[in-house]
Amino acid sequence: MAYEPPFTLTSEILSRVADIAEQVGRLTAQPEQGMDLRLRRVNRIRTITGSLAIEGNTLSEEQITAILNGKPVLAPPRDVQEARNALLVYEQLPNWQASHEADLLAAHKLLMTGLLDNPGQYRSGGVGVMQGDKVLHMAPPASRVRELMQQLFAWVKQSNAHPLIVSSVFHYEFEFIHPFADGNGRMGRLWQTLLLSQWHPALAWLPVESMVHEHQAAYYDAINNSNKASDAAPFVLFMLGCIQQALVAVLEQNAPVNASVNAPVNLKTPQAILQLLADNPALTRQQLADRLGKDLRTIGRAIKKLQDVGALQRRGSDKDGHWQVMNGQAE
Ligand SMILES: Nc1ncnc2c1ncn2[C@@H]1O[C@H](COP(=O)(O)OP(=O)(O)OP(=O)(O)O)[C@@H](O)[C@H]1O
């Protein structure tokens with residue numbers, strides 16, 4: 001009998017699927033599927049930064065952007081190699097079929113070149129997921145990996161489940177099998193993105209990985225809870241939550257355009273910031289950067305300039321406070 005990964009479709013999962021499908025409809029109904037080239041690039045960098053940060057890579061979005069632009073970056077060579085590989089891998093996404101095992105091996109080869117012996121090949125030894133000196137999960141023996149992966153791909157090909165569910169179950173089962181000696185987290189997150197993008201192409205650009213990074217402890221807990229329950233449901237629910245949040249963030253990036261509260265055009269950055277903050281004093285530096293298409297450092301410099309000339313003040317804490325525009329004029 002064909003292998004069926006165990007997962008329960010709870011009412012919470014079904015309601016998240018319905019909500020996400022509606023949000024994806026909103027996104028894809030927008031011009032350029034809700035993301036112009038600049039936003040795609042911003043979100044791709046965010047995706048890669050998030051996925052690499054989970055495994056301990058220290059590079060910032062600015063540094064990964066510099067690598068993408070071929071500029072030198074002062075950072076540990078391994079971190080730079082990981083970022084270069086990941087940039088290549090995400091660029092290749094449209095050329096791979098999520099249901100083809102050979103494509104998964106090709107992707108792992110590209111992702112782990114220069115970082116691992118035998119990239120693109122399943123492991124030949126045992127592997128466990130550790131937390132300190134405690135074994136959280138002992139993966140199946142290497143002798144079973146090929147068969148388990150073939151069963152998983154066979155299920156992906158014939159499953160009638162919703163792509164949101166299939167992609168999340170695949171990600172969970174993949175982590176359970178842990179088919180490679182290293183790079184399993186990055187590959188599981190990549191393959192879920194590929195599966196999602198084959199449902200709706202716009203989702204290739206959705207920064208789900210950065211939401212996973214923001215909730216990294218909950219990501220590990222969700223895998224653990226699914227392991228304990230022998231049921232992918234806790235992990236599926238967690239990933240659907242990350243997809244929901246990533247969609248909200250992307251729709252929010254577009255909000256000024258769609259609501260015709262356009263990001264101010266042809267204004268110098270400090271003036272544009274004052275205009276945006278006059279409308280919405282709760283905007284974060286990141287939101288200002290997104291809306292103005294500037295990097296965080298440029299926003300930081302402009303804010304400092306505004307504060308120095310008394311045009312802008314911060315009320316309350318960095319986290320919970322808000323901005324106060326003092327006179328509406330910069331410079
Ligand atoms: N209890 C667990 N059981 C199975 N898999 C787990 C468990 N906890 C975490 N994981 C998965 O294992 C990944 C780590 O595996 P591995 O070190 O091979 O991946 P990586 O890509 O090199 O690093 P990382 O995933 O940390 O980015 C985690 O990202 C997560 O996806």
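Each residue, glycine too, has its Cβ placed from N, Cα and C.
Since this is a predicted model, take the numbers as computed values, not measurements.
Noted in TrEMBL for the protein shown:
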type: ACT_SITE; residues: HIS178; note: active site
type: BINDING; residues: 129-137, 182-189, 219-220, ASN227; note: ATP binding site
type: DOMAIN; residues: 99-241; note: domain 'Fido'
type: SITE; residues: GLU55; note: site 'Important for autoinhibition of adenylyltransferase activity'
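Sequence features annotated in TrEMBL and their locations in the structure.
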residue	record	Cβ contacts under 8 Å, 6 or more apart
GLU55	site 'Important for autoinhibition of adenylyltransferase activity'	GLU82, GLY185, ARG186
VAL129	ATP binding site	VAL135, LEU136, HIS137, ALA139, HIS178
GLY132	ATP binding site	none
ASP182	ATP binding site	MET112, LEU115, LEU116
GLY188	ATP binding site	PHE170, HIS171, PHE174, GLU175
TYR220	ATP binding site	LEU136
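Under 6 Å, Cβ to nearest atom of ligand 1: this is the test, and of the binding-site residues GLY132, VAL135, GLY185 it is passed by GLY185. Counting residue by residue with DSSP, the domain 'Fido' (99-241) contains 93 helix, 9 strand, 41 coil. Note on GLY185 (ATP binding site): other Cβ atoms within 10 Å of its Cβ, all shown chains, come to 22. When secondary structure is read from DSSP and collapsed to three states, GLU55 (site 'Important for autoinhibition of adenylyltransferase activity') falls in the coil class.
Other C-beta atoms found within 10 angstroms of the C-beta of HIS178 (active site) number 21, with every protein chain shown included. Confidence across the domain 'Fido' (99-241), taken as the mean pLDDT and rounded to a whole number, stands at 97. Residue environment of VAL135 (ATP binding site) contains 10 other Cβ atoms, counted within 10 Å of its Cβ in all protein chains.
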